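Visitor: Starting off with a structure, shown below.
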Amino acid sequence: MSETHLTNQKFADFSLHPEIQQALVESGFEYCTPIQALSLPILLEHKDIAGQAQTGTGKTLAFLVATFNHLLTTPIPDGRQLNQPRAIVMAPTRELAIQIAKDGELLAKHTGLKVGIVYGGESYEVQRKVLDKGVDILIGTTGRIIDYVRQGVINLSAIQAVVLDEADRMFDLGFIKDIRFLFRRMPDANERLNMLFSATLSMKVQELAYDHMNDPEKVEIAPSEKTSKNITEEIFYPSMEDKMRLLLTLIEEDWPEKAIVFSNTKHSCENLWAHLEGDGHRVGLLTGDVPQKKRIRILEQFTKGELDILVATDVAARGLHISDVSHVYNYDLPDDCEDYVHRIGRTGRAGQKGVSVSFACEEYALNLPAIEHYIQHSIPVTNYDSEALLDDIPPPVRIHRKHSPRPTGRSGGGKPQGGRPGARPRRHDRTRRHS
């Protein structure tokens with residue numbers, strides 16, 4: 001569970017079920033983040049909330065604690081059947097659902113409550129077998145949940161707690177009809193605890209909340225501060241000819257411990273992966289076309305430090321909770337201002353420092369004014385010395401074939417294959433020319 005800066009509010013001060021308190025202590029959670037400190041007092045009084053909070057603010061722990069506590073302190077509905085979960089958590093992406101389920105297991109192992117997860121891209125029958133054994137808390141994407149509802153595998157008439165996470169992205173991805181379909185199959189709003197979280201509480205998100213929740217209380221966390229003060233931002237204006245060389249040079253100079261490179265299209269991400277892989281980096285690729293099992297494996301490798309760089313589109317990376325990301329590179333400036341905030345919010349978490357490097361190239365530079373207006377500050381410009389860029393870049397690898405590690409041919413060194421080297425290549429940090 002990712003954390004941000006903490007408050008003086010302790011979890012121990014809340015009237016939580018003893019098993020929840022034990023789970024929090026053993027998991028190392030003592031102090032609340034702002035969203036937890038504001039939302040839990042409301043939720044523990046069995047009141048609904050609509051919370052505005054970015055990824056990385058601790059909202060996942062907030063709604064999981066509230067959900068588990070509600071189920072442990074509320075009688076099980078009379079006549080509840082094995083195929084009737086008591087709580088449901090809806091997420092816009094498979095990766096987010098998987099992360100929520102992993103976090104939920106930290107609480108589940110202390111409480112005896114069973115967590116089940118369902119999402120597309122994995123075996124329908126394998127997931128069904130888990131559901132057939134009965135789950136208390138169902139976590140998943142709306143499409144797969146609807147499949148099981150229509151087949152009678154699960155029944156939502158015993159739901160006592162509902163979480164809708166990243167509601168704004170649900171709208172972006174066109175899932176709102178699915179959400180309304182599921183809400184109509186649950187008990188009335190006043191018979192359950194309802195929680196909605198969103199990066200923005202737009203009018204359409206608020207309308208959804210008031211349609212399907214019981215007079216929710218609005219909770220907002222620092223709405224005026226879109227980006228963390230822990231993140232150092234800078235922007236370059238590269239030519240299209242220099243763009244790839246600049247990225248490879250900066251990565252070699254910065255030598256990030258764990259970095260995510262964002263691009264706007266699948267094709268561009270594949271091209272980036274091919275060049276980074278060809279340059280000897282340990283890099284993974286996340287786009288919508290990557291099979292689910294491979295996506296999970298790549299994320300595990302990145303989390304464990306077996307990969308140093310992850311190349312991703314916004315949709316593929318939405319909802320990821322990965323700790324210790326030191327650098328974010330925006331190879332393309334996003335078309336959506338909120339995506340810029342989501343991207344750079346992958347770094348600078350838990351009080352750590354982070355670095356965000358953006359490229360305003362000829363194709364996407366027009367997106368910059370809107371982004372700076374949205375984040376309410378200008379991004380410092382860094383010039384670069386084009387003559388200092390790498391000029392001996394190996395050719396990109398082919399994305400559709402397996403390849404053996406090859407030695408780097410760069411005279412200045414290069415990343416050895418097979419593991420993170422102890423020192424970066426011997427190249428002077430002379431590309432940046434600060435104004």
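Each Cβ is built from the backbone N, Cα and C atoms, and glycine gets one as well.
Here's the feature list from Swiss-Prot:
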- Ala53, Gln54, Thr55, Gly56, Thr57, Gly58, Lys59, Thr60: ATP binding site (BINDING)
- 165-168: motif 'DEAD box' (MOTIF)
- 243-390: domain 'Helicase C-terminal' (DOMAIN)
- 395-435: region 'Disordered' (REGION)
- 423-435: compositional bias 'Basic residues' (COMPBIAS)
Visitor: Looking only at Cβ atoms, how many others are within 10 Å of the one on Gly56 (ATP binding site)?
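Guide: Summing over all protein chains shown, Gly56 (ATP binding site) has 22 other Cβ atoms within 10 Å.
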Visitor: For a quick check of packing: other C-beta atoms within 10 Å of the C-beta of Lys59 (ATP binding site), how many?
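Guide: Its Cβ shell of radius 10 Å holds 29 other Cβ atoms.
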Visitor: Which one of the binding-site residues (Gln54, Thr60) has its C-beta surrounded by the most other C-beta atoms within 10 angstroms?
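Guide: In terms of Cβ crowding, the pick is Thr60.
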Visitor: Quick one: what's DSSP say for Ala53 (ATP binding site), helix, strand or coil?
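Guide: Once the DSSP labels are grouped into three classes, Ala53 (ATP binding site) ends up as coil.
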Visitor: For Ala53 (ATP binding site), what is the tally of other C-beta atoms lying within 10 angstroms of its C-beta?
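Guide: So the number of other Cβ atoms within 10 Å of Ala53 (ATP binding site) is 27.
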Visitor: Over the domain 'Helicase C-terminal' (243-390), work out the mean pLDDT and round it to an integer.
Guide: 91
Visitor: Where DSSP helix means H, G or I and strand means E or B, what are the helix, strand and coil counts for the domain 'Helicase C-terminal' (243-390)?
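Guide: Helix (H, G, I), strand (E, B), coil: 64 helix, 26 strand, 58 coil.
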Visitor: Let's check the environment of Thr57 (ATP binding site): how many other CB atoms sit within 10 Å of its CB?
Guide: 26
